[in-house]
């Protein structure tokens, strides 16, 4: 074997996690290389051609606020944009776009190519080199050796990938990529606790075979309401395509149930655990027998293709059954399947073996991101990729690591859940996973994270300047709203014009905005729009004011949690000596090795009384340590 | 260090001359200010220096229920190393418990097992050996506490809380599915249904919280003052209840000069009886002191048995007594039923929750008194097998859940989005889960996937 190169950071995989990891590491100044099995699959979307959605949209904004690429790529390649959950409260507004998947791939490939200090190699990695518990490099299938100080694994479903359709199965990654099986053995030999997860995807079908007259239209938002993902995007936006909704019916369900024994999911061939939130159509029909229809969303895969994606219809049934049940759906009578639906099983790591920096506790210098860590979704992958790449680079450069606390972001919540609680099935971000969701909104991701991105070296001059400018605009507008007084008559007139019951009397703008029915545009109609205040910023100001009471309440919680997180637990702390704790608590704590008291309290099976004792033992250990330091000649 | 301020009774449970309620944490002085009013109007709690004491009155919701001494300690010169205020009130569980309740209302949190010691250790006030000894204690106490909590929860309360928790979890799961999967056809939650469920849960918690008092009376007994003018028959009543001659009973007015303490079991209730000096004007300084104490007992008692001589006309002293009983948990006993009646019960009835005629010499009067007391304290309505909260921790959790539900309801009224409402419901669920010991967030997410067909 011949050594072909030496890097600070090597990233294995150039999917959504690998892209952000490679980009972040290179931007930080680490000498970085990204390896992909095919350069034509960089940033591929093997499942739905869309970015964002509930909670996921917030993750995209967080990636952007930290200086990542996903938001910019989505803004450059979207086909249709919608803000979901309007009317359900600002904390759960969620941006989702349909994306041109080929253009997205090209954008990302080009973005990596233009990143200074980033080498791009097409090669399959078959081995990781480990020396004395620390990663030392990788080996390609061509027996080339590349040394590295740190390695990020972002292998997606390619690692040990196995595709199932009916009783047929074959080793494969998505979209014709071959499965990476040698690497699995190497990771197992290094001692990583691997497991099998499963996911699935629906059929891609030909546009001309769909009778759109029989489907419901699902247009995007009006052009003048569109918002970009990136805080850096200013260009006007325009929706180019429409989506449609079809529905299954009792006949569809009968065909599926009659053939359920032919599904590998039900035949026991698949051992991997599937995601609960992303059930296959056969799962939906079996588990929710009472429902007489399930919606299917018909989404274009791009502007230069006739392929359409059928969201909601993932399946592993044999092709003849797929044909039969799709054809039973109104509007799909003559459906032509181009790529059949399939289930895919893959290898991933138990994330409780990771630090909250995403570094492995078992092989130092080795980081994981995305599906490898037990998550699902492009957005979850990108967010972890950014954190893993940033920390790998900082590790290689001898800089401190970044841990994002749970209360800082959805990204922090996601990582804390992974490494503290572990996962039973592929983990998807949901708003309900964050107890701080009123504070962790998509509109204020920059305020929460851009200063951190700046401090840790990812946020460049242009983004930092724009951020500071935005903060200044917001601050000025907050002041103006505090100082502006609305007279009774104009306010009442404006409210009547807006179809509202007029208020008794006028008042200070900021006070009036606390009422749910009074919006910023209504107030601005009287006192004028604030300077530089975009609709997005207006919404942010309005939310801050209306939800001030609830936000203050969450801030108090955050403060209390942050206090507990200041009590650090040494990495080599011995839990076996704590005989007052239950055996389960001791074992769990020894396995998870929480970094601080706050995290320890979130470990499943650890009670408040365990925490009380742990905190005392920690204080005792500190006291002992202090004594030792006082008399060093002991 | 920024953290909560805690309160708990620091003295051993049971009868004692005084009981001490200890406050520790950054807001100790703030909480103390709300429950303690210095007798000297020139003094303030906020201005109190460390290692000083003030005499004053303990109040809850504007009503003063005891007097005593507050001892002040300033961080770091205290047991825990934090700001500490020790409130010394009169002995008896009921008063100290009320004082803790007042502190919690004023913003303190109930202290967890070993929490004072833990804070002391964290602030470097204890040695390593002491710390290790304390750890053993907490470990034992924690186990025992958990066992006790489980026992307390195994019955009716557990079923009741669990039913509400499940109903709220289902609502929250519905909201979550509706919010997190906007493209699936998850039906919107009917607002009327949401309001109905939240209101029902809040009302059930109201009932449990209100029942806490009566439940506590059954578990822990009640401080009972026997008051009345000289020779009305107070000591005879005490002897009737106690079953032997405890107090000196002579026909000479003014023979009982001190508060006499005696615990008796009256039906289901343990009464901590205080016979008191007869209430009358006197020149005798010792008797005057006894009378002063009688009035104070009347102020702080959980139950007042006011004895009137039915064979005499109503005196000014009787009227004064009746006036002082107004608004208090007081039962009027018209004694000497066996003699020709001269007192008109209608005249004092408005001041009492209940008036009954008895003859304290007769054993047959005992069940009458028992029934009257039980009705007055509401213990006759407490089904011992029905759900009831036990202990400050459960009470605090129930109050937290109830308040969060009320907040959710007011958010609905004000037209806030369901995101704000669901955050309040999170808090309510977390509080209920504190009672049942389940993790709220996981419960909601599990329910989403069990009940709703969502996903791509």
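Yeah, the Cβs are placed from backbone N, Cα and C, and that goes for glycine too.
The structure displayed is predicted, hence computed values, not measured ones.
Summarising the annotation, TrEMBL assigns FAD binding site to A:13, A:14, A:15, A:16, A:17, A:18, A:125, A:180, A:371. Residues or ranges marked as NAD(+) binding site in TrEMBL: A:274-288.
Mapped onto this structure are the features recorded in TrEMBL.
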{"residue": "A:13", "record": "FAD binding site", "DSSP class": "coil"}
{"residue": "A:125", "record": "FAD binding site", "DSSP class": "strand"}
{"residue": "A:274", "record": "NAD(+) binding site", "DSSP class": "coil"}
{"residue": "A:280", "record": "NAD(+) binding site", "DSSP class": "coil"}
{"residue": "A:286", "record": "NAD(+) binding site", "DSSP class": "helix"}
{"residue": "A:371", "record": "FAD binding site", "DSSP class": "helix"}
Residue A:371 (FAD binding site) and residue A:284 (NAD(+) binding site), Cα-Cα, nearest whole angstrom: 23
From binding-site residues A:274, A:282, A:288, the one whose Cα lies nearest residue A:371 (FAD binding site): A:274
Distance in Å spanning the most remote Cα pair of A:13, A:14, A:15, A:16, A:17, A:18, A:125, A:180, A:371, given for FAD: 18
Distance [Cα-Cα, Å, rounded] between residue A:286 (NAD(+) binding site) and residue A:125 (FAD binding site): 40
Binding-site residues, contacting chain B; criterion Cβ under 8 Å; candidates A:125, A:274, A:284, A:288: A:284, A:288
Distance, residue A:274 (NAD(+) binding site) to residue A:125 (FAD binding site) (CA atoms, angstrom): 26
Top Cα neighbour of residue A:13 (FAD binding site) in the set of binding-site residues A:280, A:282, A:288: A:280
Pairwise CA distance, residue A:17 (FAD binding site) versus residue A:288 (NAD(+) binding site), rounded so that it is a whole Å: 34
Same chain, 6+ residues apart, C-beta under 8 Å of the C-beta of residue A:280 (NAD(+) binding site), given in sequence order: A:200, A:263, A:265, A:274, A:314, A:315, A:316, A:343
Nearest-integer angstrom distance between the alpha carbons (Cα) of residue A:288 (NAD(+) binding site) and residue A:15 (FAD binding site): 34
Rounded Cα separation (Å) that holds between residue A:15 (FAD binding site) and residue A:282 (NAD(+) binding site): 28
C-beta crowding around residue A:125 (FAD binding site), within 10 angstroms: 27
Fewest Cβ neighbours within 10 Å, where candidates are the binding-site residues A:13, A:15, A:274: A:274
CB contacts for residue A:286 (NAD(+) binding site) [other CB atoms within 10 A, all chains]: 17
Neighbourhood of residue A:282 (NAD(+) binding site) by C-beta distance under 8 A, where only residues 6 or more apart in the same chain count: A:256, A:260, A:263, A:265, A:266, A:315, A:316, A:317
